[in-house]
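Colleague: According to TrEMBL, the active site, proton donor annotation covers B:His33. Annotation source TrEMBL lists ATP binding site at B:26-33, B:143-146, B:180-183. The (R)-pantoate binding site annotation in TrEMBL covers B:Gln57, B:Gln149. Annotation source TrEMBL lists beta-alanine binding site at B:Gln57.
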Protein chains: 2
Amino acid sequence: MKICTTVQEMRQARARLGSVGFVPTMGFLHEGHLSLVRRAREENEAVVVSLFVNPIQFGSPDDLANYPRALERDIALLKEEGVACVFTPEAAGFYPEDFATQVDVGGVALELEGPSRPGHFAGVATVLVKFFNIVQPQRAYFGQKDAQQCAVVQRFVRDLNIPVEIVTMPTWREADGLAGSSRNSRLTEAERHRAPVLHQALCRARDLARAGERRRVVLEKAMREVLAQAGLTDIDYVTVVDPGTFQARDVVPDDALALLAVRLGAVRLIDNLPLG
Amino acid sequence: MKICTTVQEMRQARARLGSVGFVPTMGFLHEGHLSLVRRAREENEAVVVSLFVNPIQFGSPDDLANYPRALERDIALLKEEGVACVFTPEAAGFYPEDFATQVDVGGVALELEGPSRPGHFAGVATVLVKFFNIVQPQRAYFGQKDAQQCAVVQRFVRDLNIPVEIVTMPTWREADGLAGSSRNSRLTEAERHRAPVLHQALCRARDLARAGERRRVVLEKAMREVLAQAGLTDIDYVTVVDPGTFQARDVVPDDALALLAVRLGAVRLIDNLPLG
């Protein structure tokens, strides 16, 4: 497995590979990431994984500094998975001092995580356009856990005619329902114990929707009640949207998506579930 | 010569070409464009030219509507030059109704034309990123007449790691010094007669700089005087900048660039000249 730390090294390594499946990550890998890597191996001649905690997608320096890192363990995991190449650029060379370009996405990017985390999706879109230009993959793999991110990526890839196929995979969950996330490692034991209630709230909305409920206020209230019963009240959003626009409608469509962003102590967790 | 009107046609045509030199234009071709095409032919196996009046880089609907067009004549000219492929997309398909992505460039893009034409450089950068992803050229060719545009393109190509070499060529000029521009066709006979004074003003600044003058205010005043003597007083900017930043400095560097944007009646013309 080749480890590239500069753009030039990565370009040279890529030139020696056939079709490439690309899995962009911020490291601290969990089973969700590995499920993307395995799918990428099935569908391409080689897999490239980036491990890069992208500074420009973090709103707060604290959040960036606290993001968990485990580079050596990640590299060992990817070696076992038969990955051809790992790309871990240094932030300083990747974003030179006079770096001045940003990919701004409107539409789906303006909802939910958009206002909650100003600049976040622009940071994600900008780093991915850079990665796509350097790695030149045939396919790139993303987890549905970040459902809105998947929609944002599909939008700018289509808008900018980027020649890459975006593949999304279902959220990987722990046995108790908690969605896989690198941020889970920052939960205290007590918080970890309560965290599955996010998924339980989403399941409650799905059960109601399957029983015919289409009123958004009713679905949202039910989710908030499940969260409140577990003492989770620091809520960024709890909502049900049209998955095409990520906008809330009073009467939710059959393929509606329930989403939430909730703080447990110092950790902000997100999750979502299709209600169809 | 193949003429492509959809993204899909263009991708298919490109797949059959070897190394590609790309000349993006808004049509109504003049000798300046053709000098880019000839250089592209020398340096690549095939040349692709786009003819597309890009709506998102125009601030005013009037300016867009009045931009000159001559598609059949342009196609005939390019055929004579041995161009492999012309790309003339329909705006409606190129920018679908829910198009929502923009490439924003800071730094050099924030000066001069930036504030004079809000949104212009974002429109230019966005359409070029699309073209580069569709045409996948080895090299792309731009005229120094749009000096700031050249700097903006070089900046976002570097920042986004786009695998294309940007080649810039000297401004093509009429015998009387007027810089080649599609907009020249909109000048009245009287305006066309006065238009070379833009170049004369720039030459005056160059003569002074060559004689040792480094004070920006003196160089700018001299240019304004030349313009005023010809009755040109509707001035957007007349300045001398550092070509690395496009910022004005009181004492101009040895490689300074003089630039101006002036209105003659309904037509806004720009020009520039290195003072070194």
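Note: Cβ is positioned from N, Cα and C throughout, glycine not excepted.
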Colleague: Measuring Cα to Cα, how many angstrom lie between B:Gly180 (ATP binding site) and B:His33 (active site, proton donor)?
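Modeller: B:His33 (active site, proton donor) has its Cα 9 Å from the Cα of B:Gly180 (ATP binding site).
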Colleague: Of all the recorded positions given, B:His30, B:His33, B:Lys145, which has the fewest Cβ neighbours within 10 Å once its own Cβ is left out?
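Modeller: Across B:His30, B:His33, B:Lys145, these recorded positions, the one with fewest Cβ atoms within 10 Å is B:His30.
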Colleague: Can you give me the same-chain residues 6 or more apart in sequence from B:Met26 (ATP binding site) with a CB-CB distance under 8 Å?
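Modeller: Correct list: B:Leu51, B:Phe52, B:Val53, B:Asn54, B:Tyr67, B:Ser182.
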Colleague: In angstrom units, rounded to an integer, how far apart are the Cα atoms of the residue listed as 'active site, proton donor' and B:Gln57 ((R)-pantoate binding site)?
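Modeller: On Cα coordinates alone, these residues lie 19 Å apart.
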Colleague: Looking only at C-alpha atoms, tell me how far B:Gly143 (ATP binding site) is from B:Gln57 ((R)-pantoate binding site), rounded to the nearest Å.
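Modeller: Rounded to the nearest whole number, the Cα-Cα distance is 17 Å.
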Colleague: Work out how many Å separate B:His30 (ATP binding site) and B:Gln57 ((R)-pantoate binding site) at their Cα atoms, rounded off.
Modeller: 20
Colleague: For B:Gly32 (ATP binding site), which residues of its chain lie six or more apart in sequence with Cβ-Cβ distance below 8 Å?
Modeller: B:Gly143, B:Lys145, B:Thr171, B:Trp172, B:Ala179, B:Gly180, B:Ser181
Colleague: May I ask you to report the DSSP-based helix, strand or coil state of B:Gly143 (ATP binding site)?
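Modeller: In three-state terms, B:Gly143 (ATP binding site) counts as strand.
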Colleague: By the DSSP assignment reduced to helix, strand and coil, which category contains B:Gln57 ((R)-pantoate binding site)?
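Modeller: B:Gln57 ((R)-pantoate binding site) sits in a helix per DSSP.
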Colleague: Return the single residue from the binding-site residues list (B:Gly143, B:Gly180) that has the minimum number of other CB atoms within 10 Å.
Modeller: B:Gly180
Colleague: Using C-alpha atoms only, work out the spacing between B:Phe28 (ATP binding site) and B:Gln149 ((R)-pantoate binding site) and round it to an integer in Å.
Modeller: 19
Colleague: Using DSSP with the three-state reduction, classify B:Phe28 (ATP binding site) as helix, strand or coil.
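Modeller: Once the DSSP labels are grouped into three classes, B:Phe28 (ATP binding site) ends up as coil.
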Colleague: Reduced to three states, what secondary structure does DSSP give B:Gly180 (ATP binding site)?
Modeller: coil
